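Swiss-Prot has this to say about the protein:
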type: DOMAIN; residues: 6-184; note: domain 'Guanylate kinase-like'
type: BINDING; residues: Ala13, Pro14, Ser15, Gly16, Ala17, Gly18, Lys19, Thr20; note: ATP binding site
Amino acid sequence: MTTTPGTLYIISAPSGAGKTSLVKALLQTGIDLSLSISYTSRQPRPEEMDGRDYHFVTRQVFEQKLQEDEFLESAELYGNFYGTSKKWINETMTSGRDILLEIDSQGARQVRAVFPVAVGIFVLPPSLEVLEMRLRQRAQDSLEAISRRLAAAREELSHAGEYNYIIINDKLDRALQDLKCIIQAERLKTAKQLVRHHGLLAQLTRTSVL
């Protein structure tokens, strides 16, 4: 079997849609896929760990990396910077591993400009009321922050049509199954299978069964 370049999956959602929980559930299944860890200039939340959730750096370090063109995409959100390592993405895809990239729609457009065949997946909440409830349940966010996130959510939701797939995250187990099905379907596409199994196909087409 021949190794093919990895597939880049972009997953986006408004804050509170449950994207992070969905991605964590996917990784816990043991799926053969690498999660891209973004760089950020914001402070870590109590439960977050450097190198696992984000690469936490100072604003000065982030701006230096930005000037040195180290990011495939970058964006400012709620006064903090976020960016994806260009070198890591290229090396991982070249090795044949699939990558899951958690970014917003602004970053997704930047990535698709470089990787137009990237597979876009957008996660929707079942309703705006559920989205607001999820945001209010976050103890670390102030009322002002929740209001900002709700306003940003409406803007983010307007870009759902730019993606290849849409998942409704009402029940986590159902959303997880949908996400796994998308990845499996992409891996079985003819273009990739022809490269992976060209030896088998060549053997089958030249060997007589009689």
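Each residue, glycine too, has its Cβ placed from N, Cα and C.
Structure with Swiss-Prot features highlighted.
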residue : record           : Cβ within 10 Å
Ala13   : ATP binding site : 26
Pro14   : ATP binding site : 26
Ser15   : ATP binding site : 22
Gly16   : ATP binding site : 23
Ala17   : ATP binding site : 26
Gly18   : ATP binding site : 21
Lys19   : ATP binding site : 21
Thr20   : ATP binding site : 14
Average model confidence [pLDDT] within the domain 'Guanylate kinase-like' (6-184): 93
Residues flanking the ATP site, with Cβ no more than 8 Å from the Cβ centroid of Ala13, Pro14, Ser15, Gly16, Ala17, Gly18, Lys19, Thr20 and excluding those residues themselves: Val123, Pro125, Leu131, Arg134, Asn169
Conformational class of Thr20 (ATP binding site) under the three-state DSSP mapping: helix
